[in-house]
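In TrEMBL this protein carries:
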BINDING   His79, Ala120, His121, Ser122, Gly152, Ala153, Asn180, Tyr289, Glu371  thiamine diphosphate binding site
BINDING   Asp151, Asn180  Mg(2+) binding site
DOMAIN    320-485  domain 'Transketolase-like pyrimidine-binding'
Amino acid sequence: MTSLPLTPLLDKVRYPADLRELEDRDLPQLAREVRDEMIDAVSKTGGHLGAGLGVVELTIAIHKVFDTPNDRLIFDVGHQCYPHKILTGRRDRIRTLRQEGGLSGFTKRAESLYDPFGAAHSSTSISAGLGMAVAADLSGTDRKVIAVIGDGAMSAGMAYEALNNAGALDARLIVILNDNDMSIAPPTGAMSAYLARLASGRTYMGFRDLGKKLTAYLGKTVDRAITRAVEHARGYVTGGTMFEEMGFYHIGPIDGHSFEHLLPVLRNVRDNGQGPVLIHVVTQKGKGYAPAEAAADKYHGVNKFDVITGAQAKAKPNAPSYTAVFGEALVQEATLDEKIVGITAAMPSGTGLDKLAEIFPKRTFDVGIAEQHAVTFAAGLAAEGFKPFCALYSTFLQRGYDQVVHDVAIQGLPVRFPIDRAGFVGADGPTHAGSFDTGFLASLPGFVVMAAADEAELKHMVRTAAAYDAGPISFRYPRGEGVGVQLPERGEILEIGKGRVMKQGTKVALLSFGTRLADCLLAAEDLDAAGLSTTVVDARFAKPLDADLIRQLARHHAVLVTVEEGAVGGFGSQVVQLLASEGLLDNGLKFRSLVLPDFWMDQAKPEVMYAKAGLDAAGITQTVFKALGQAGVGVNAAG
Ligand SMILES: Cc1ncc(C[n+]2csc(CCOP(=O)(O)OP(=O)(O)O)c2C)c(N)n1
Ligand SMILES: CC(=O)[C@@H](O)[C@H](O)COP(=O)(O)O
Ligand SMILES: [Mg+2]
């Protein structure tokens, strides 16, 4: 058994009120103990490590200075909130982070009063904070609202929409820009370069001007400590910055690891001034843990690891991941077709597009956390005859939906959408589950919507998408490993709108869309063994449907079950629409549609989530037995 870190001071702090009892001089020790606690916890659970390590001092300083939870503290994305959880009554459960029944890996309203706003998708904090600041104003309270947003998150359009609005409303909102010069990958874009220039000091004001400016903003009561703090940090209140032009009072950059600098600035901002203020804080991702500080990704997201060496546990994979297969297949196609380009919204390694970037850097675009822009940027490329692969996670594509409709689909532009993380994603929970893409894409006229049943199918779909130029086309695939099928040398071009029969039976038809196919095949074994001869079909397409094949299934089977890892409104809904409109439900066919359940499923191991959703072999088999009014459990259904 490994021993827990020694944390005598932290042991006295359950809530921020306890922290506020400490002397300022105790805080560096508290920070060391919070770091040790967090490193130990994440070494056992895995999770987002680097971002939290970088905000330990900032989190402590905010709770020390502000009256949380009455004052509202919002973390953008929320992946950096582990120190906050440790300090806000959740330390006793910190080793359950991201586990089934445990703490969420993000801020979550249902979990704590100290999480006034839930997050996991980025760049929402300034908007939410502004809403809360205006609400405070309207309610006549003097509650403070603090939004902590990273430099990566600051690349999204929503952040600017909020800054723009806040400046105009002159609301009392405190934005803390946590600038660690990192997103998941190194940040890209002009804004990132601008922040780097600010942090390097080239636009700083002189000390005398600083004094004048602070007095002008904070009033005559301005604490001398604040001017000393920013001076010592080599940071000065900047003049004429973009943030000031937008109506914010801008302080910084200051050293986000120094309590001497953080506390006076926060106290002065708390007690003085009016209107929105932006404090630019410079931090280091992974701070205080050598392996994280040295890692290229600053240990953004890690598996369980050995605290001494930093070595992460890696189970030996049984098959390549879908992401890797996609990345390699895209490189293969791009090598043969120079019109192919790749687009990622700040997720080069997560989407596998880093492979394309290695070989074709000029044809690969990391646009930052900017999914809306990514989609319309791809549309522009497609309008000029290029073949853009706009590779997004299903959950993040949601943010670009109007762009998909208005800028791609209505104009019939051949943008290719590889959709990763389709379905359950395990530890990241409901905010990251890819639930809705089939529904929101298959309802769009002219869209081709595919799902890969295994990694070989994924290769076929990459090639099919590359070859298809008649309009938008998407293909979805899940997080994690493939099923271990033999991969073809190169993908084939699939016939649009044609499914494939995997196994022919006579009584029951299982019509699968995506990687639930493997469980359909297992369920079919059990059903066959129970005397229910079962057909299994891989639909491949939710749009256009293979209408002839579906008609055959409906006419020649007693039970037809659709199976997909997506919410209601997706593949099954397309199928039932076809059946209903052609009267194929009128003759006694028992039709059932298995989809994700109608609740937000918390994090757990994917197998557990499938079972809860009734989307594993057992759930499929049971659905058939129930439809036929029979009871029965098969071998594959037992688990
Ligand atoms: C809309 C959206 N797109 C992509 C992501 C994936 N993502 C999570 S954290 C992150 C990087 C955030 O960088 P930053 O805000 O600077 O925080 P840091 O990790 O550096 O502390 C990205 C791209 C997301 N959560 N939300
Ligand atoms: C916080 C966030 O949005 C990402 O870090 C996400 O957790 C990555 O997920 P994957 O591990 O599936 O790439
Ligand atoms: Mg960052």
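Using N, Cα and C of the backbone, Cβ positions are placed for all residues, glycine too.
Recorded features from TrEMBL, shown on the structure.
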residue: His79; record: thiamine diphosphate binding site; contacts (Cβ under 8 Å, 6+ apart): His48, Ala51, Gly52, Gly105, Phe106, Ala120, Gly301
residue: His121; record: thiamine diphosphate binding site; contacts (Cβ under 8 Å, 6+ apart): Val77, Thr395, Phe396, Arg399, Thr431
residue: Asp151; record: Mg(2+) binding site; contacts (Cβ under 8 Å, 6+ apart): Leu177, Asn178, Asp179, Asn180, Asp181, Met182, Ser183, Pro187, Met191, Ser192, Leu195
residue: Gly152; record: thiamine diphosphate binding site; contacts (Cβ under 8 Å, 6+ apart): Ser122, Met182, Ser183, Ile184, Pro187, Ala346, Gly368, Ile369
residue: Glu371; record: thiamine diphosphate binding site; contacts (Cβ under 8 Å, 6+ apart): Ala345, Leu392, Phe396, Leu397, Arg399, Gly400
Cβ packing number for Asn180 (thiamine diphosphate binding site), 10 Å threshold
24
Under a three-state DSSP reduction, the secondary structure at Glu371 (thiamine diphosphate binding site) is helix
Need the DSSP three-state call for His79 (thiamine diphosphate binding site) to compare against my parser.
coil
Cβ under 6 Å from ligand 3: qualifying binding-site residues of His79, Asp151, Asn180, Glu371
Asp151, Asn180
Please go through the binding-site residues His79, His121, Asp151, Gly152, Asn180, Glu371 one by one and keep those whose C-beta falls under 6 A from any atom of ligand 2; give the result in sequence order.
His79
At its widest, how many Å does the recorded thiamine diphosphate site span between Cα atoms of His79, Ala120, His121, Ser122, Gly152, Ala153, Asn180, Tyr289, Glu371?
32
According to DSSP, which kind of secondary structure is His121 (thiamine diphosphate binding site) found in, if we only use helix, strand and coil?
coil
